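Report on the following structure.
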Amino acid sequence: MRTLWIMAVLLVGVEGSLIEFAKMILEETKRLPFPYYTTYGCYCGWGGQGQPKDATDRCCFVHDCCYGKLSNCKPKTDRYSYSRKSGVIICGEGTPCEKQICECDKAAAVCFRENLRTYKKRYMAYPDLLCKKPAEKC
C-alpha cells in the first residue's frame, strides 16, 4: 500500500503541490488520485481543452481556472500546510500564494467528493483528441 501511495503522489497529473493535493483527494474521496483523477475527462490532468465531460471534469476545469487567477504564484510547486477540524479542511498559515493554492485544491477535492455518485469510469484515461469542442471561458 505504501508503494501505491508513493506512486500516486509521484504520478498524480494535476497541478499544484502534488503531495498536499493528492492527500486531500484521498482523504475526501477515499480514492487514490492515480488512476481516478489524473487523466479523467478533458480537464483532469496536465492542461485541459474543450468542454468538461461531466461534473467531475468540471471540478478540474474550475480548479484550472482557480490556478489561472493566481498572480505571481507557483501552484505546481509551492507547498502549503492544512489541517482538519471536524472533518473540514482548514488551510494553514503561510504566504498569500500558499493559502490561495490550498483553497483551490480544497475546492477541487471537496468537489470530487460531492460528485462521486456521478463519476463515470468511461472518462478515465479519456483521449485528448475527443476534447476538440471550443473551450469555455473561466
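A Cβ is built for glycine as well, from the same backbone N, Cα and C atoms used for every other residue.
Per Swiss-Prot, the candidate among Asp64, Asp78 that belongs to the Ca(2+) site alongside Tyr43, Gly45, Gly47 is Asp64. Recorded disulfide link (Swiss-Prot): Cys97 to Cys73, out of the candidates Cys73, Cys104, Cys111. In Swiss-Prot, Cys44 is paired through a disulphide bond with Cys60, chosen from Cys42, Cys59, Cys60. DSSP classifies Cys65 (disulfide bond) as helix under the three-state reduction. Cβ neighbour count for Cys44 (disulfide bond): 28 (other Cβ atoms within 10 Å of its Cβ, all protein chains included). The Cβ of Cys91 (disulfide bond) lies under 8 Å from the Cβ of Tyr80, Ser81, Tyr82, Lys99, Cys102, Glu103, Lys106, each of these being in the same chain and 6 or more residues away along the sequence. Taking only the Cα positions, the spacing between His63 (active site) and Cys104 (disulfide bond) is 6 angstrom. For Cys73 (disulfide bond) paired with Gly45 (Ca(2+) binding site), the C-alpha to C-alpha distance reads 19 Å.
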